[in-house]
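Participant: OK, TrEMBL features for this one:
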- 14-387: domain 'Ammonium transporter AmtB-like' (DOMAIN)
- 410-429: region 'Disordered' (REGION)
- 40-65: transmembrane segment (TRANSMEM)
- 77-97: transmembrane segment (TRANSMEM)
- 109-128: transmembrane segment (TRANSMEM)
- 135-153: transmembrane segment (TRANSMEM)
- 203-223: transmembrane segment (TRANSMEM)
- 235-255: transmembrane segment (TRANSMEM)
- 288-308: transmembrane segment (TRANSMEM)
- 329-347: transmembrane segment (TRANSMEM)
- 367-387: transmembrane segment (TRANSMEM)
Amino acid sequence: LLPISLGLFQGALLLFFALFVTYDKPSAQAEDASLMAIQLYGIFPFFQDIQVMLVVGLGLLLTFLPHYGLSALTHNFLLFNFSTQWALVLQGLLHHFHHGQVYLDLHNLLTAEFAAVTVLISVGAILGRTSPCQLLVVAACEVPVYLASEWAINTHLGVLDVGGTITIHVFSCYFGLGVSKALFGAAQQPVHPKETPRHHSDLMSLVGTLILWVFWPSFVAVLCQPGDAQHRAILNTFLAMSTSAVTTVVASSLLESDSKLSPGHLQNGSLAGGVVIGVVADMAMPPVAALALGSLSAVVCVLGFKFLTPLLVRKLALRDQCGIHNLHGLPGILGAIASAAVVLAASKDISGSHFSQVQALCQVVGLAVAIGGSLVTGLLTGAALRLPCLARPPERLCFDDSMYFKIQDQAESPGPGDTAEEGALALKE
């Protein structure tokens, strides 16, 4: 089913591009051409940074499962390309279709990649227990829902969210949790023997964290207005992420009985500052506000891993394999609330814009729309994944690369205590 569905999709995309897609017309005047070149050189370094973040950094972050690293990297790469192409088609038809042609430029590609980010975050909730075809269905359903949600929140409601805290992080988090709840139901299962991270897998995941940490300011600032707003966004993002990294070490050490650090806390809490600051990164606020938000987001993230995730498993049987609720959901909600406070506190003289109580209310309403819309559509998507043709892998082969790849060392493929015959039987199943 995987090669057939991907082949049909790529063939349809080739036909669509051949018939409808073209590049923006080149400028006829030398001055305009020089201006276009300056704009290209201004945005392309950000574009490269975001590529490294999503393909390398996020892919490595997902390799904390010791027997599923090859699948995590490959599926992340596949979903990134599939979702970006699908988003290019949809947003081209919706926003860039003129005189029978879809005009393509670098800005369109960036916004399509932002749609792909939502998919990469959401599937973290169901990582390891789903097939590649199920992941493609999630991407096919989530991209159009994200585009509609982003239009409703940013364009219709006028929510200020330059770094995607509400439209990307909050939306993708609760979409993924909705998919997980509908797909796995209310049944509680014990921890899978291959689910526990090992030393080498935690190390690779931490490398992914470091890559994401370094390039995150580009992700937040790329769509800001060049000049002061973009400058503020870069500075605020660095300050928030720096203090979140330090605070994560403090919080993790204090919460562990032997004062040792938890790799999972470091891998996620260090990035929480980048999530929380996105919605206020370009706003006129004192630097201490960015520091405070970064520190508070790290505390919220670590506390979520320590207390909230086990509670949700016990009370709601909610699976969240990568802890996306702690990294994207909780800091995202915190950032949305902070944006309403900043809007209320900002004066016209400082901000240069008309901030009012109406705008603060819009920030809160946008948060509610993102959570409510993503949860409902996520539940519907998760229900669709239960179709017989999209069956999940057998439990004994979850979190195992041998389900999808040729592994040279087949001795590691069967589960603990399995014989070769039992492993082959499970693969056949």
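Cβ coordinates are placed from backbone N, Cα and C, and glycine is handled just like the others.
No curator has checked TrEMBL annotations; they are predicted automatically.
So that I understand the layout, could you describe where these features sit and how close they are to other parts?
Facilitator: Residues 72-73, 76-77, 80, 106-107, 109-110, 113, 116-117, 120, 124, 127-128, 194-195, 197, 201-202, 204-205, 207-212, 215-216, 218-219, 221-222, 226, 263-264, 267, 322, 399 of the same chain lie 6+ residues outside the transmembrane segment (40-65) yet bring a C-beta within less than 8 angstroms of a C-beta in it.
Long-range contacts of the transmembrane segment (77-97) within the same chain, counting only residues at least 6 positions beyond its ends with a Cβ under 8 Å from a Cβ of the stretch, are 6, 9, 13, 16, 20-21, 54-55, 59, 103-104, 108-109, 111-113, 115-116, 119-120, 123, 132, 135-136, 139-140, 142-144, 147.
Away from its own ends, the transmembrane segment (109-128) comes close to residues 43, 47, 50, 54, 58, 62, 65, 68, 71-72, 75-76, 79-80, 83-88, 91, 134-135, 138-139, 142-143, 146-147, 150, 164, 168-169, 171-173, 175-177, 179-180, 183-184, 192, 195, 222-223, 319-325, 328, 378, 398-399 of its chain (Cβ-Cβ under 8 Å, at least six residues beyond either end).
Tertiary neighbourhood of the transmembrane segment (135-153): same-chain residues 2, 5-6, 75, 78-79, 82-83, 86-87, 90-91, 94, 115-116, 118-119, 122-123, 126, 159, 161, 166-167, 171-172, 175, 179, 366, 369-370, 373-374, 377, 380-381, 384-385, 390, selected by CB-CB distance under 8 Å and a gap of 6+ residues from either end.
Listed as Cβ neighbours of the transmembrane segment (288-308) (distance under 8 Å, sequence separation of 6 or more from its ends, same chain) are residues 235-237, 239-248, 251-252, 255, 262, 264-265, 268-270, 272-273, 275-277, 280, 323, 325-327, 330-331, 334-335, 338, 342.
Panel annotation: around the transmembrane segment (329-347), residues 160-161, 165-166, 169-170, 173-174, 177, 272-273, 275-280, 283-285, 289, 293, 296-297, 300-301, 304, 308, 355-357, 359-361, 363-364, 366-367 of the same chain, lying at least six beyond its termini, place a Cβ under 8 Å from a Cβ of the stretch.
With a cut-off of 8 Å between Cβ atoms, the residues of this chain six or more beyond the transmembrane segment (367-387) that come close are 122, 130, 134, 137-138, 141-142, 145, 149, 152-153, 157, 166-167, 170-183, 333, 336-337.
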Participant: Taking only the residues in the domain 'Ammonium transporter AmtB-like' (14-387), give me the average pLDDT of this model.
Facilitator: 92
